[in-house]
Amino acid sequence: MKAIRWIRNTNADSVVYYKLQHSIKTRFLRFVPLDWNPNGRIGMRIEAYGCAYKSEVADFDGKSFLLYRFNPKATTALKDIISLKFKTSQRDGILLHREGQNGDHITLALAHGKLSLLVNIGDAKMYSADAQINITLGSLLDDQHWHSVLIEHFNNQVNFTVDKHTHHFHAKGEFNYLDLDYELSFGGIPMPGKSGILPWKNFHGCFENLYYNGVNIIDLAKRHKPQINIMGNVSFFCSEPPIIPVTFLNSNSYLALPGTSGQDEVSISFQFRTWNNEGLLLSSKLYQTSGGLLMYLSDGKVKLSFYKPGKGQSDITAGAGLNNGQWHSVSLSAKKNHVSLIVDNDASSSTHASIPIQILSGDTYYFGGCPTNTNSSECKNPFGHFLGCMKQISIDSNSIDLISVQENSVGNFSDLQIDLCGIIDRCLPNYCEHGGECSQTWNSFYCNCANTGYMGATCHSSIYEQSCEAYKHRGNTSGFYYIDSDGSGPLGPFLVYCNMTDTTWTVVQHNNTELTRVKSANRENPHTVFFKYAASSEQLQATINHAEHCEQELAYHCRKSRLSNKQDGIPFSWWIGKINETQTYWGGSAPDVQKCACGIQGSCIDSQHDCNCDADRNEWTNDTGLLSYKEHLPVTGLFITDTDRPNSEAAYKLGPLLCQGDREFWNAASFNTEASYLHFPTFHGELSADVSFFFKTTASSGVFLENLGIKDFIRIELHSPSEVTLSFDVGNGPNEITVQSPSPLNDNQWHFVKAERNIKEASLQVDQLPQRTHTASADGHIRLQLNSQLFVGGTASRQKGFLGCIRSLHLNGAALDLEERAKITPGVKPGCPGHCSSYGNLCHNGGKCTERYSGFSCDCTFSAYAGPFCKKEISAYFGSGYSLTYNFHDTYSLAKNSSSHAASFHPDMTLIREAISFTFRTTRIPSLLLYVSSFYKEYISIILAKNGDLQIRYKLDSHQDPDIFSINFKSMADGQFHHVKIKREEAKLFVEVDQNERMKFFLSSDTQFNAVKSLTLGKILAENSDVDPDTMKANSQGFVGCLSSVQFNHIAPLKAALDHSSSVPVTVKGHLTDFNCGSLTGADSTSGEATHSLADHSGPIDEGEPLANALRSDSAIIGGVIAVVIFILLCIAAIAVRIYKKKSVYNKKEVKGSENEDSAETALKSELSVQNTVNENQKEYFF
């Protein structure tokens, strides 16, 4: 809509002409007088002049059509253009049809008020599903208004346009397969039709200006040219009789029409269309009673109710799904107590019934609603008002003239639009994104986002993170996750494996990860393989672009099979990268070097060649390495040509695509002055826009970003220390949404902001605070039109600038490179240090957060746990006689000259506090769980007593008996996991077991633990007569079971023992290895994500030898298959044993007496062994 200002005339006689520079097409003109002649009376005279317009019209009566036969020499199969206008009141009908042999045809037809273009290749040529095309455009095209259609076909590109809405598609060769006759029919199908399968009716309505490749078809028909056959009654003027509709606009709308009272027969019919599934259609009081009849929509069905005081209500239902926006007819006939209700003239939608009420007609029928000032007995409406259109109303077989109603000659009405059906298809165009399903009512539309992977009012925002890095910094651990690389962009989510190590690896699998053997390939008949990934090429491209580094391992095993060819320069084997370019360099090399890894390292088996395989030896070797040039990844194909000579053979294996990190997640800029800002191109988010970023600051206010238009704008700012505000205007006036935080946001920690604006609503969310929304006006402006630069960290006026850091800024899913722009902008620096203040809470169990330029890491050195967040439990199984001793004295000797915490343990050290924690699982009693000794015959022992009680013994005075503290909830030798936490502060001792309430005890002896010597798990090997008898007896049994996550102050003895690279002096007796004791705490939950084990490595595993034995013969492969089958059977048997043993263990109430200990211990060990075996298998194999 464009406003034009004119100067008015100054008197009543003169004429002022204004000629527009360009002609316009419009249905309405609005004139707004800005002032009046001060010397005359108010008056206005306007004439509008149209352009020259030629109109050729044809009227089809629903039984007629035109048949046009053309000269094949005058046309070309590569180009066709068809244009026309039509109007009709019928929702179905054929506009155009062309067919040929074997069922081939092209058809343009109205179906349920929408226009469909169908291209069908007959059964004899149905090469694929792509051979069938069905494109639908438009809606409510049966509204008696003119609609324009244009079909353009150039080669295989087709443009289909209805009322300026165009669908472009590529026909992929279907038109080349079509075998069509040289004739076209308009308005119907020649009878009998060759296809015989089209169910549509002939067209009933008018055509205007029908052209086929520039030929005026209607003009030829009017002149009775031989190329045109007129079939049936076709007239050349639009004679369609006008049908007057009426629109019920709101809750005040109603139409009251008179009836003849006192008759024992009632006959009413009308047609209606609506999107609402409920509303009153008709209400009338019966003659001389307080009863009446009600016809209404309920759940998209027509229901008819007769009510009368003292008698039960009689309900009749007919039809279904009548709120689909189509015209539906309703016919009510009632005589005495017999009622008939018919919907859409369909017998299956008809209902006939007898009711216990004698029907006598009233004097007034109310359609659509009731007047507000009418007695409720005259018009009753408990169902809500009808919003929609009606037409062809008939009462007692008399058609109602709605023009007479409009002139107040008949009946009464309020808030109606007469002679217009104002229905709007709010799902056209469909503003639901990403495949969301649109539904609507009269006033609004709704998007069903189920199973799309997106959320919001228009399914705009992805429910998934954009990378594994983002999942990791939500605290998630390794597992399968859906990622959406471009957020709210067009690319959908896809499944990857996120390997959360110190760095984050994204693993994308393909369809051929096995070692594959190749024989009998040559240049004329190469072995070709193409790899299909669990993501599209566009999704892979986005993931690779985001990553800091990507790699893919390619292994080529060979025996007399070469890769390169120095003689003629044509390689024997090559691979294809992402852009279908041939690559001849191999793993470990660079693109411009054209070598293998051994050639770069100078380690090839033949120094005259740059690849091991080029030595062409009659023995197995390999060229294996990482391809890490991102612009060429992933590998999409492999060609092998040199395996057809005697004894020539090869095998290849391509690993998954591995990508590390996410550059965009940590892309940040620091704004050091209020006048500093970054500027970017205009943000284009006319119909839907989302902005997300992290910020941290100590300032009380500042603008994060701003983009302006002529009147429209969008701005996000820190309005106060605890408020973030989104402001915007799309032409309906400024709007503002504010989220208020209960705690200050200028605390120099990272906070997350996400704002979204679409045509239905705007929303703002900060961190995990409740989202605030603002609903858009139903019929206002919807486009956000911006034209200035986008300012980040400031405004165009350079006021209210932002001081602090902004990170990971995304607009509609696309990241802005803040760091690159900051490098060339005064007052702004790339990057932003200090991530531990925000993410340090992700480091658990005593892990220490360590700063990095891009992110942070958790240092688990002084934690009993491992993993990226110090949440992985370190466990080991202790067999009979196993012992682990951690020597504090030796640790001091090693560390006394360092700053290590271990240096605090030395012979003269006195402890007045300890923090001890561990998890155990056993069935053996008595058992020694933990023992700490000193040089002064003082000790701490933690044992399981004979009755299964947990006992903690402190002997801090060598001249007194130990203090003994017993915890006797139940026997803890029950084969279940038990978590123990012990904390001492001088004489106070706090003990927490499992989830039970913490207990408090007091030491009666000394509070100083002097000269700590060693810590022992399992059995004490050194002879020690200074411990009490119960501890000695427990030590004689040692410990048999599982210990996990053992911590004594900052020392993790079990972790130190299992870390073979550690120099800490630990003495171990027995085969102690890292052992998965099963799920202990559930700490590694991935927030409901279904995860499965995959390889735990962050990079490729070295294959070692070329598996020559496995490749040497078919018998070896068969033997391998048999071995795998046997392995699977053994696993099944082991699991069965585990289940059986588990039942035999857990069904017992408590372990009593040594006669049951051996069997219980065997069951526990068996169970743990099976668990560990299964877990290890999960680590190594991916099915």
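Cβ from N, Cα, C; glycine included.
Remember, TrEMBL labels are computer predictions, not curated facts.
Record features, source TrEMBL:
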DOMAIN    1-51  domain 'F5/8 type C'
DOMAIN    57-238  domain 'Laminin G'
DOMAIN    244-421  domain 'Laminin G'
DOMAIN    423-460  domain 'EGF-like'
DOMAIN    459-510  domain 'Fibrinogen C-terminal'
DOMAIN    667-832  domain 'Laminin G'
DISULFID  CYS805-CYS832  disulfide bond
DOMAIN    833-871  domain 'EGF-like'
DOMAIN    891-1077  domain 'Laminin G'
TRANSMEM  1116-1140  transmembrane segment
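The domain 'Fibrinogen C-terminal' (459-510) and the domain 'Laminin G' (667-832) are in contact, since at least 3 Cβ pairs between them lie under 8 Å (pairs 6 or more apart in sequence).
Here the domain 'Fibrinogen C-terminal' (459-510) has, by DSSP, the following mix of helix, strand and coil residues: 5 helix, 20 strand, 27 coil. Under DSSP, residues within the domain 'EGF-like' (833-871) fall into helix, strand and coil as 7 helix, 12 strand, 20 coil.
Averaged over the domain 'Laminin G' (244-421), the predicted model has a pLDDT of 89.
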